[in-house]
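Colleague: Provided herewith is a single structure, encoded as structure tokens, for subsequent inquiry.
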Amino acid sequence: MKIVADENMPYVEALFADLGEVVMVDGRTLTQAQVKDADVLLVRSVTKVNKSLLDGCDRLSFVGSATIGMDHLDLDYLKQRGIFCTNAPGCNAVAVGEYAFNAMLELARRFHNPLKGKTVGIVGAGNTGTALQKCLEAYGVKTLLNDPLLEQSGDEREFVSLDELIERCDVISLHVPLTRDGEHPTHYLFDKRRLNALAEDTWLLNCCRGEVIDNRALIEVKQQRSDLKLVLDVWEGEPLPMPELVPLVEVATPHIAGYSLEGKARGTFMLYQALMAQLGRAVDKSLASLLPPLWSHQLSPLSVPDEKALLCLVRLVYDLRDDDELFRQRFQNNKGFDLMRKNHKHRREFSALMLANTAGSDVDWLLELGFSGVGL
């Protein structure tokens, strides 16, 4: 079996080498000749998989993309050819959820306004929104969900309207895809009217797509309302954010909320699982075994007395302030936004930090938050 894979996908050799010959290629410049005798093709979103690439590739039976979306795959053509295709939905969901939770703790610390006791509204209850909800519920924070599409699909969770969520919530975090059509378009979902409707001292976080918020309107509203606190990981007009918006934002990063080492590795691992299922073989490797340890030792926390202590624990895994500072220094440089993303040192997720003897203790809720427990 010949496996052709994008050279920027991690752990391909470790996961797939036992199955056959692995050839790593540049996904941006991949040619038909490189794929011609492949049985398996593993790509990222930079590779367009269509007839022009695969015509004449008679051996190919499996295409996997280590991405959330599939818009770079010609699904009709692959179906016509009988080529199995899959992707990695939700591979970065934990990273995005933890980023948003982390940002809330940073705001709470900076403005002496505790997260505990607030009501957090999550707009978009798919993979990333649900990951955030898991963090918040582990910490004992009340959440409200808005997702009309999931509500209509029969999702049994309780949902509220967007206007009700805006009225009732102290914190609002956005986790929707960008859509311009249909019954519930999300383009400029938060326009000037909705931004003006935000309650006093609201925290607004956007970790999905920049154009879900009208950034020009956001500038106007924020200039009049210093009470609003903003966390933006995504920007209208990326990779060129509106320069007058950045100084108005409390936490600013270059679309890296989903950039964790675990998330990147999870994308590759999900394709490995799918291929093993197609081959009718048992999965004999684990994601955890691939990842390097965060530290060589473990922590044994006896208590987490307040949010300051919790934030200190979170910062041991990822200090959001570093990315915020770098973004402010470089976002106006030519290609600075893209270079920050390309050269980003993928952070770790909470699970990388091992906590000893926490089960049944006063801090066992940290396991629900996502930290790993040993000596249970």
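Residue numbering: from 1, along the chain as shown.
Placement of Cβ uses the backbone N, Cα and C atoms for every residue, glycine included.
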Colleague: If Swiss-Prot says Asp147, Asp233 bind NAD(+), which of Gly117, Gly258, Gly263 does it name for the same site?
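Modeller: For NAD(+), Swiss-Prot names Asp147, Asp233; of Gly117, Gly258, Gly263, the listed one is Gly258.
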Colleague: Within 10 Å of Arg209 (active site), Cα to Cα, which of the recorded positions Ser45, Asp233, His255, Gly258 are there?
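Modeller: Final answer, ordered: Asp233, His255.
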Colleague: Counting across all protein chains shown, how many other Cβ atoms sit within 10 Å of the Cβ of Thr67 (substrate binding site)?
Modeller: 20
Colleague: Distance check, please: Cα of Tyr259 (substrate binding site) against Cα of Asp233 (NAD(+) binding site), rounded to an integer number of angstrom.
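Modeller: About 11 Å separates the two Cα atoms.
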Colleague: For the substrate binding residues given in the record (Ser45, Thr67, Tyr259), what is the largest pairwise C-alpha separation in angstrom?
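Modeller: That value is 15 Å for the farthest Cα pair.
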Colleague: Work through the recorded positions one by one (Ser45, Thr67, Glu238) and name whichever has its CA nearest to the CA of Gly258 (NAD(+) binding site).
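Modeller: Comparing Cα positions, the closest of these recorded positions turns out to be Thr67.
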Colleague: Cβ-Cβ under 8 Å from Asp233 (NAD(+) binding site), same chain, 6 or more residues apart: which ones?
Modeller: Tyr99, Asn206, Cys207, Thr253, Pro254, His255, Ile256, Ala257
Colleague: Taking the residues Asp147, Asp233, Gly258, which the record names as binding NAD(+), find the longest CA to CA distance and state it in Å to the nearest whole number.
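Modeller: Largest Cα to Cα distance for the NAD(+)-binding set is 21 Å.
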